[in-house]
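Asks: Got a structure for you, questions after.
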Amino acid sequence: MVKELFSSLGVDCNILELDQVDDGASVQEVLSEITNQRTVPNIFVNKVHVGGCDRTFQAHQSGLLQKLLQEDPAYDYDLIVIGGGSGGLSCAQEAAALGRRVMVLDLVVPSPQGTSWGLGGTCVNVGCIPKQLMHQAALLGQALTDSRRFGWECAQQVKHNWETMTEAIQKHVGSLNWSYRRALREKAVAYVNSYGEFVEHHKIKATDGKGQETYYTAAKFVIATGERPRYLGIQGDKEYCITSDDLFSLPYCPGATLVVGASSVALECAGFLAGLGLEVTVMVRSQLLRGFDQEMAEKVASSMQQIGVRFLRKFVPVEVQQLERGSPGKLKVVAKSTEGTEMIEGLYNTVLLAIGRDSCTKKIGLEKIGVKVNEKTGKIPVNDVEQSSVPYVYAVGDVVEGKPELTPVAVQAGRLLARRLFGGRLEKCDYINAPTVVFTPLEYGCCGYAEEKAVEVYRKENLEVYHTLFWPLEWTVACRDSNTCYAKIICSKFDNDRVIGFHVLGPKAGEITQGFAAAMKCGLTKQLLDDTIGIHPTCAQVFTTLEITKSSGLDIMQKGC
Ligand code: FAD
Ligand code: NA7
């Protein structure tokens, strides 16, 4: 049918009949690697993989095939990347390094509170980087308290200055924006500070901040537009509440803060605000840290309660009223129970919404070129080579359906995609076992399965869970609680006790988890952990001496001061 179609279009095609050539089987293997398709026919047009018979006919119907068949498409660029964040920049830079003509479009639509920022996307401007620096500011406060036990004599009255911190952090963020722009220039990537929107196949409209429109074409496109914070859709939310997009450059100290939501973003922000000495309440709709190990999530919450964070469980806000203007002002929040009719009210200086993020896939013209989007989540489904339903359009980062929303994941996916598209490489992004850390004042690091998920997949009787509470050495003299930090591994009994879940709640959990994640990629087993010599005295060494199984029910309490 495809041969007939091409013949009817007058197209001369190069046909390789796999069953009639000696190396047909190897060609099929490679095709399967490159395209994720073993079946034939497997159609390429001008180096773009179209797919099998159905997809070729669909492309014909939509007009895409005719576009692809144009002998010399004379596109402006080999690749246009929409979105200059973690995924987009890594992809663009790699493609340019491979000698391609590349353009990046990046424009930040200001938040409802009017906050905007420079090049680099979420991570650099309103995510990982400023968050981590504020986390560090909070940890320094804790260190100051601890230091007295270690003999430092400083005035009892210690104050934190929000403005000084924010100014210093924003200065660093500004320097990162600048270095990204310089890197693009050095690699000859065309950077356009405009909003990109598909208008037809292979063509986008770029609209700059002043409304000036320019059109560009490219052979291939990568969508890396990320996500933006969601709002509640209740009275007063967009007028009076802020989100993480606003918090890191807030020009005044937020004061008593209500954080709505219980994801990592919510708990991390609540954690550092409390660590800076502010009164913090977290309003939780259902559970903490959905998707994470729930035993660990509860332990994270207990560690936060120990530093004064208040949790309001099973409530959702229904209205936010402004009682007083100011920096900060005073807000009244009315909330209702998710379990009954109870209503509560609370007064706060700031309300921070951290109730999830919406993918930026709605207003970029995807429907005009037929890129499929999951209507419910707004995410773009892709195959294992990050190709969308339209063959020349790819997606990386937070917009992709079903993948971890993390900077290193977006960076890796973007870089490998460019190498496959333009460098003749085949490596695909391995999304399995991406380690992650919740940077609450006491950090929680994990890699692999949550315990409940492991039970669902492997069944309880096929698992052995080893765990212990531990007391970091630096906490002993400081007289901090001896039974807060916790280590747990989940092993698959019938796979040589392979470690399929790694969890740690303790200081520097991020640094600890990274190394164990590499070991898990290499097939870490309980025996290998036992054979590993620990580094003394560290927290990480606890994983080399785990003896108590959860099923034994033995006491794991540590002796305190
Ligand atoms: P982004 O980095 O969001 O970049 C998308 C870019 O595209 C943005 O600049 C956007 O303005 C632009 N854009 C959107 N639409 C268009 C358009 N039509 N035209 C032009 N430009 C457009 N991850 C970690 O790994 N570790 C952490 O500690 C961590 N902490 C986080 C803390 C917070 C508060 C948040 C919100 C996120 C955090 N993340 C963390 C997640 C991480 O920031 C994201 O996973 C990562 O930034 C995703 O990269 P991306 O390339 O998909 O999108
Ligand atoms: P998530 O992980 O989608 O979490 C959203 C959180 O907000 C979750 O706790 C939700 O509770 C809660 N939520 C959602 N809607 C509401 C309403 N209407 N009212 C109250 N609470 C609500 O989003 P994040 O953006 O924070 O994190 C995503 C990634 O960004 C993360 O992986 C980081 O790497 C960065 P629920 O459990 O659904 O009841």
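In case you wondered, yes, glycine gets a Cβ from its N, Cα and C as well.
Below, the features straight out of TrEMBL:
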type: ACT_SITE; residues: His536; note: active site, proton acceptor
type: BINDING; residues: Gly196, Asp398; note: FAD binding site
type: DISULFID; residues: Cys123-Cys128; note: disulfide bond
type: DOMAIN; residues: 1-50; note: domain 'Glutaredoxin'
type: DOMAIN; residues: 77-414; note: domain 'FAD/NAD(P)-binding'
type: DOMAIN; residues: 435-545; note: domain 'Pyridine nucleotide-disulphide oxidoreductase dimerisation'
Asks: Name the one residue among Gly196, Asp398, His536 whose Cα is closest in three-dimensional space to that of Cys128 (disulfide bond); these are the recorded positions.
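Replies: In terms of Cα distance, Cys128 (disulfide bond) lies closest to Asp398.
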Asks: Out of Cys123, Cys128, which of these disulfide-bonded residues shows the lowest number of other CB atoms within 10 Å of its CB?
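Replies: Comparing Cβ neighbours within 10 Å for the disulfide-bonded residues Cys123, Cys128, Cys128 has the fewest.
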Asks: Return the count of C-beta atoms lying within 10 angstroms of the C-beta of Gly196 (FAD binding site), excluding that atom itself.
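Replies: The Cβ of Gly196 (FAD binding site) has 24 Cβ neighbours within 10 Å.
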Asks: Go through Asp398, His536, the listed recorded positions, and name the one with the sparsest Cβ surroundings, counting other Cβ atoms within 10 Å.
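Replies: Selected from the recorded positions Asp398, His536 on minimum Cβ neighbours within 10 Å: His536.
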Asks: Can you give the mean pLDDT for the domain 'Pyridine nucleotide-disulphide oxidoreductase dimerisation' (435-545), rounded to a whole number?
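Replies: Taking every residue in the domain 'Pyridine nucleotide-disulphide oxidoreductase dimerisation' (435-545) and averaging pLDDT yields 97.
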Asks: Which of the three DSSP states, helix, strand or coil, fits the residue listed as 'active site, proton acceptor'?
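Replies: In the DSSP reduction, the residue listed as 'active site, proton acceptor' maps to coil.
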Asks: With helix taken as DSSP H, G or I, strand as E or B and everything else coil, how many residues of the domain 'Glutaredoxin' (1-50) land in each class?
Replies: 22 helix, 6 strand, 22 coil
Asks: For Asp398 (FAD binding site) and Cys123 (disulfide bond), determine the Cα separation and express it in whole Å.
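Replies: If we compare the Cα positions of Asp398 (FAD binding site) and Cys123 (disulfide bond), the gap is 11 Å.
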Asks: Rounded to the nearest angstrom, how far is the Cα of His536 (active site, proton acceptor) from the Cα of Gly196 (FAD binding site)?
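Replies: That separation, Cα to Cα, works out to 53 Å.
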